[in-house]
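Asker: Sharing a structure with you now.
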Amino acid sequence: MNEDGITCVGRETPDWKGKQWLMRIVNRKGKTEGLSNPVMSWWTAQMQQPSGPVCRMCLQEPGDPEKLGEFLQRDNLRIHYFCLSLCSAAFQILSSGLPQRGRASDGFHGFLPEDIKKETSRAARKTCFVCKKKGAAIFCQKERCRRNFHLPCGRERGCISQFFGEYKSFCEKHRPTQDIQPEKRAEEDCILCCESLSGGNDDNIQSPCCSRMIYHRKCIQKYAHSSAKHFFKCPQCNNREEFPKEMLRMGIHIPDRDAAWELEPGAFSELYQRHQHCDAPICLYKDGRDNFENEGVMGASFCALGLYQPLVISL
């Protein structure tokens with residue numbers, strides 16, 4: 001107990017520091033006083049134990065890959081792809097940088113585990129302005145702003161990270177903005193989910209082309225994650241120039257890969273299947289429409305216009 005009547009009680013937790021300290025108010029008679037609800041809620045959140053592996057950078061569980069990126073695991077090291085990308089960019093500016101010493105197939109996209117561990121140790125001295133915990137490797141790159149934050153914490157507070165060029169990050173005070181008129185937002189619905197555009201400007205994003213349509217930020221991010229770089233365009237006018245550039249500026253991550261539907265197992269299997277059904281108005285083959293001879297007049301004859309509908313020809 002200190003002179004202010006505060007007793008610190010240690011408790012083992014899975015936190016990266018090994019211990020999380022709880023504060024308990026004790027009066028002069030030794031009686032423990034209850035904490036107020038806001039304080040108790042804060043301490044309850046601190047003591048929640050993760051149910052699975054956590055990211056070495058942000059200390060959060062895998063979560064949504066659309067928000068945090070792919071959860072990478074190797075050599076007992078786990079990290080979100082977005083945390084790795086943004087933290088490496090931050091270290092490149094602040095110091096000698098997180099070196100990409102390996103090949104693309106080595107470690108985590110060329111970043112070796114030993115280098116990542118070294119940089120996480122460096123970030124352990126930085127405090128997140130949102131959750132007040134250590135390990136905040138991402139920082140606002142506005143000149144003279146000294147705010148650091150974890151990626152998930154920043155996302156919840158309205159911070160923006162850009163996934164192009166120098167991979168800059170900004171706190172909610174210095175993030176890029178758009179001139180979204182409140183009255184227009186109140187009158188329209190997001191055409192991607194057909195729901196109202198509730199919330200503030202941080203939750204919505206405006207197209208730079210066509211009629212300057214407004215969308216939910218989460219809907220645009222989901223659309224970008226699915227369509228990826230080669231199919232991402234304005235949902236209204238199919239603009240492929242201004243639209244992607246503005247979305248990148250506003251913190252939308254556009255994966256540089258094939259579209260999600262092209263990565264599914266057997267996505268192109270139908271292209272290797274030959275149509276095996278007779279579509280003639282009157283089928284003359286004795287074994288029915290779904291059977292063909294390998295050779296002869298009862299073989300399959302395909303439409304020359306590319307419709308791929310076989311006809312059975314009988315002499």
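Heads up, residue numbers simply count up from 1 along the chain you see.
Cβ coordinates are placed from backbone N, Cα and C, and glycine is handled just like the others.
Okay, so TrEMBL annotates it like this:
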DOMAIN    52-175  domain 'PHD-type'
DOMAIN    190-238  domain 'RING-type'
Asker: Can you break down the domain 'RING-type' (190-238) into helix, strand and coil residue counts using DSSP?
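Answerer: Going by DSSP assignments, the domain 'RING-type' (190-238) contains 18 helix, 7 strand, 24 coil.
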Asker: DSSP-wise, what's the residue breakdown of the domain 'PHD-type' (52-175) into helix, strand and coil?
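Answerer: When I sort the residues of the domain 'PHD-type' (52-175) into the three classes, I find 36 helix, 21 strand, 67 coil.
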Asker: What mean pLDDT does the predicted model reach across the domain 'RING-type' (190-238)?
Answerer: 91
